[in-house]
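Chemist: I have a structure I would like to understand better, so I am pasting it below and will then ask my questions one at a time.
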Amino acid sequence: MTGDGEMRRTLVIMLVGLLLLYLAPGGLCQGCAVNEAERPLVRDLQKKMIYSVNVSAPPNPSILLALRLAQEHNKRIEQDMLNKLSQDAAERAVASFSSGQVALHILAQQASCSDPRCVSANGSTINLVRLLEQKFKAELQNIAIHGNPLTNFYQLSLDVLALCQLNGRLSPASTSALLSPGHKKYYLGGQFSVDTAAVAVLAHICLQTRGQPLPPKVYKKIRQNVQWLVDKILAEKRRDGEIGNIYSTGLAMQALSVSSSYQKPGAWNCLQTLHRVLDKIPQGTFKNPMAASQVLSSLENRTYLDVSRLNCSMDPDNLPLSTARPTSPTSRLPSIRVTYTVADGVNNTFNDSISVTVTQGSIFFKVMEVAQDKDPSKFSFTYTQSSWGPYITSVQGLQADNNHRTYWQLLSNGIPLSQGAGDYVVSNSERLEVKFTVY
């Protein structure tokens, strides 16, 4: 076939693909949503997510983003969150603000019908899109020098998604190469990262559908990337409907709902996955507001690609909240004993254990604090407050380092945890470990 003929063939395939995406019922989304009988569960999840927000922690854009993509709204709460996010952005723009955090701030601002290019707070105005362009460039420069981004490929995928949605400076050719299949990009501790792959799918679909023509080779590369990512996500599907684990399922639902043309018929039962998530709500599985935020959009059959389609003036104000927040029981709980270990699994410089007594219902982080108080020379640690809660940055002064692909992994009885130190509830006689690991 001649070069012109091959180009025409590729363009036809590209146009057909775009038509399939745009003509699908509900726009891009081919997922499923709760029915009216199930809506009280979603409403309960929304309210618990709002009540559980830690007022002392930095405002979380993922929570506002999820609330804006929901069907029911409390406009006062959402406006208050938007104001706090704007203030936070103005303060952190000159300090610590990772590229992925900027991307989520942009998506939350856009979902609130607020211009991310003109965020005003504390007497100053900041252009978040321009800031993200600068942060994204720094990520690429770090990859060129060290072989790794400043953050990770989950955040890079968020960067691409946000810049694509806002028509920021972005090269589809370079981006498709950046997010192409690779073990270092989509695996963490030998385990495929469904979360990273899901956001990467959303980013690729945005590049496909944002209305700017793509060179045939770039379009083909994007399709190849999406096909690989979707196949990998589907390979993580479990019999009970979860994809990866329950905490990665929400983002996986978003990715699969916008990529039906890449799936064989019957490859994914959306309703089974949705009902699995609904079953987990009354069990308190999504008590972490970040975890709740990642499933809420999928329960409403919406994705992060929908932020530019929202019409805030049409939103109902129909999610009333009680002025009194839910309280925890005050009855005295029994004590439990666990074994806690800190280990350098990379350089093998230390491996220390201690027996710790805590109250039943305590979280992993509490065990770490008690151990540190008992023997700070062996069990001292530092952390930063992330959107998921406390993120361990060092133990015994040994610092996690993105350039060396090292991090502190949490384990229970030798098995990596899917929850963070601020969420995982420990059990009696459990063997807990914080291990320095390469990803």
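Using the three backbone atoms N, Cα and C, a Cβ is placed for every residue, glycine included.
Computed from a predicted structure; not experimentally measured.
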Chemist: Disulfide-wise, see what TrEMBL says CYS270 is paired with, picking from CYS32, CYS113.
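Modeler: Disulfide pairing in TrEMBL: CYS270 with CYS32.
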Chemist: Of the disulfide-bonded residues CYS32, CYS164, CYS270, which one sits closest to TYR391 (cyanocob(III)alamin binding site) when you measure Cα to Cα?
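Modeler: Going through CYS32, CYS164, CYS270 one by one, the closest to TYR391 (cyanocob(III)alamin binding site) is CYS164.
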Chemist: Between CYS206 (disulfide bond) and TYR439 (cyanocob(III)alamin binding site), how far is it from one CA atom to the other, in Å?
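Modeler: If we compare the Cα positions of CYS206 (disulfide bond) and TYR439 (cyanocob(III)alamin binding site), the gap is 28 Å.
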Chemist: Helix, strand or coil: which one is CYS206 (disulfide bond) in, per DSSP?
Modeler: helix
Chemist: In the structure shown, which of the disulfide-bonded residues CYS206, CYS270 has the fewest Cβ neighbours within 10 Å?
Modeler: CYS270
Chemist: Could you tell me which three-state DSSP class PHE153 (cyanocob(III)alamin binding site) falls into?
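Modeler: Looking at the DSSP assignment, PHE153 (cyanocob(III)alamin binding site) belongs to a helix.
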Chemist: Looking at the domain 'Transcobalamin-like C-terminal' (361-437) alone, can you tell me the average pLDDT?
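Modeler: Across the domain 'Transcobalamin-like C-terminal' (361-437), the average pLDDT comes out at 94.
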